[in-house]
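Listed features, source TrEMBL:
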TRANSMEM  19-39  transmembrane segment
TRANSMEM  67-91  transmembrane segment
TRANSMEM  112-145  transmembrane segment
TRANSMEM  157-177  transmembrane segment
TRANSMEM  184-209  transmembrane segment
TRANSMEM  229-252  transmembrane segment
Amino acid sequence: MAAAVHAEALKLRRSRVPWATAGATVLIGLVGAFFMYVLEDPERARTLGLLGAKAQLAGGTADWPGYFSLAAQTVAVGGLLIFGTAAIWLFGREFSDRTVTDLLAVPTSRTAVVLAKLTLGLVWCALLTLLLVALVLVLGALLGLPGWSSETAARGAGTVLGTGLLTAGLAAGYGLAASVGRGYLPAVGVLFLTVLLAQVLAAVGHGRWFPWAVPALLAGAAGPAQAGVGWVGLLGVGLVGLGSAAATALWWERADHR
């Protein structure tokens, strides 16, 4: 298992994908800071025209709780795309680069290979979420946002990290899609489909029954009325994450990779 994790870490280090996902995470933090900057001053929003209007339509308040709430919502929605991309790359590259047969020739069990990829993906997503929290703290301080307290910061950071963890668990499903589809494209299709369905079902009030919508609802993306997803929503997220991991390991053990 340790050897498999080391091998996967080397692949990740030599790829441009970590830099791309880190850049996307930084962009999320900067966009959130821009929204806070606009919301601080209505006159500033009018000066910025369309961009300012969009920032105001996003709602929220220009303070620390508002910034953390916005960060949690963006990691729930944008995290599906970013974390999903990471999972798709981890599994899909073996088929697209035609290295899967070489990978299976090493004296390491297929299950260990899958667990190594999933472990690395989870750590990767956790680091990206921590990066976003750090950006929120730095940019919020630079903006001089009101409402700071250690309790507010701890609660806000915990919400962002918890949302990121739930979203990272859901990303395991895209690794399964990349494996079964033997490449990137089928998994990308599944990624866009789940993101679209999450938005639609959340908008019509049935998001808690669709696991990919649950993190965003918990973060308050659909308003406080839908923030309580209950045990059904959390159970769905857990089943998708664990079920996808188990199904991926089973598929790699039994599928013909020729």
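Placed from the backbone N, Cα and C atoms, the Cβ positions cover glycine too.
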- Message: Short question: most Cβ pairs under 8 Å with the transmembrane segment (229-252), which of 19-39, 67-91, 112-145, 157-177, 184-209?
- Response: 157-177
- Item | Spatial neighbours of the transmembrane segment (112-145) far in sequence, C-beta under 8 Å, 6+ residues away | 1, 4-5, 7-9, 12, 18, 21-22, 25-26, 28-30, 32-33, 36-37, 40, 62-64, 66-68, 71, 75, 79, 82-83, 86-87, 90-91, 103-104, 153, 156-157, 160-161, 164-165, 167-169, 171-172, 175, 245, 248-249, 252
